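Asker: Below are the features I grabbed from TrEMBL:
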TRANSMEM  50-69  transmembrane segment
TRANSMEM  75-94  transmembrane segment
TRANSMEM  106-127  transmembrane segment
TRANSMEM  147-170  transmembrane segment
TRANSMEM  182-201  transmembrane segment
TRANSMEM  207-232  transmembrane segment
TRANSMEM  244-266  transmembrane segment
TRANSMEM  317-339  transmembrane segment
Amino acid sequence: MRDIQMDHNCNSPRTPSFRLRRRSNEIPAEINKSNGNFLLVDDKYKYRSMWIRACSSLWMLASVSLIIYLGHLYIWAMVVVIQIFMASELFNLLTRATQDKRLPKFKLLNWHFFFTAMLFVYGRILSQQLVNTVTSDKFLYRLVSNLIKYQMVICYFLYIAGFVWFILSLKKRYYKYQFGQYAWTHMILIVVFTQSAFTVANIFEGIFWFIFPASLIAMNDVGAYFFGFYFGRTPLIKLSPKKTWEGFIGASVATMIAAFTFAYFLGRFQWLTCPRKDLSTGWLQCDTDPIFKPEYIPLPGLISHSLPWKEIAVLPVQWHALWMGLFASIIAPFGGFFASGFKRAFKIKDFGDSIPGHGGFTDRMDCQMVMAVFVYIYHQSFVAGQDYSVEMLLDQIMRNLGSEEQLALYSKLGQMLQERRL
């Protein structure tokens, strides 16, 4: 009986075994098992990865520098391209090939929602710049004015069309997957367009307010990498195994110093500080904002005796730069920690592999998202002056004047207007 059973087991058909190929962005087993103890200083391939990372960084620096030189409109276009890459990486994160084959054109629906959101967000942000661009042509001015007037209605019905499309595309046995994709798509739109809307608003306030905070994040990232590369021994957070306290503290100090000095360097270029009021690509000239005008601070007696100069020039924006540097070095890295935890939840190393040595575009933008929102809020709260319309000013003046004084003011304004016409 035992022989028969053995013979039966030997002759029974075997289930074929499949060897799954590891994806390029999957977490390696040795890192996954370490659970936070895999330090960069102990990585035997660290010099090779540093070389790849350095080459990619130089290539990105050259490309971004060229785009910044071309001006506001090209920087906006770069942000749009980055958005598309980020959305693509995030859409693919929960995509299942087997389900998508049975749901034709379902991925196209995601992009329909994406471009509808893009039309809504940028239509609201850049409406005034668009009007200022076409004021010389009456036909275009009327066309653009009507599009802006009904922009919200157009976007709403585009969204409703996508909503109806989604309902009609529902298939039995795929309800859970389709509703999961629907919710995932909307979360992506919130994450991507929230930060990018603030980024574009910063660009048109002046390229300085885009390039400076973005540079601080890059400097902090580079500083953390090199301090951790050579001195990192104490793990910082388990969500990101290669982050160390040495890298975090060293990068924070370096970022604060760089923020104060780099703000002075960028603040000397007028074309970086001028706001763009239209969508043209011409060279900008404007009256220098007071925060970019140097103030001279006398040096203490003991220091001035040993130096050839008696005072130093400081731009007021440098004091603001210290606050942005503090945020970039202490708070913004938590955007990276959030992304690290997110990737661990999905058991992937990177969101993509578009940038060698860095991962995907989403991996590079995690801290930038947090920083862009902070800079916009900080600029509007502590830097930008409040705009008052003529109606608001007159209303405030009239409230503090008596009836006779109001008549006298109107009479004086009328005389001034007649003299100006003559």
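We count from 1, first residue shown onward.
Glycine is no exception: its Cβ is also placed from the backbone N, Cα and C atoms.
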Asker: State the residues, same chain only, that lie 6 or more residues beyond the ends of the transmembrane segment (207-232) and have a CB under 8 A from a CB inside it; answer 'none' if no residue qualifies.
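Answerer: Tertiary neighbours of the transmembrane segment (207-232) are 39-41, 46, 50, 53, 57, 68, 71-72, 75, 199, 242-252, 254-255, 258-259, 262-263, 266-267, 271-273, 317, 321, 324-325, 328-329, 332-333, 367-368, 371-372, 374-375, 379.
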Asker: Please figure out which one of 75-94, 147-170, 182-201, 244-266, 317-339 racks up the most CB pairs under 8 Å against the transmembrane segment (106-127).
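Answerer: Maximum Cβ contact count belongs to 147-170.
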Asker: Of the listed stretches 75-94, 147-170, 244-266, which one has the most C-beta pairs under 8 A with the transmembrane segment (182-201)?
Answerer: 75-94
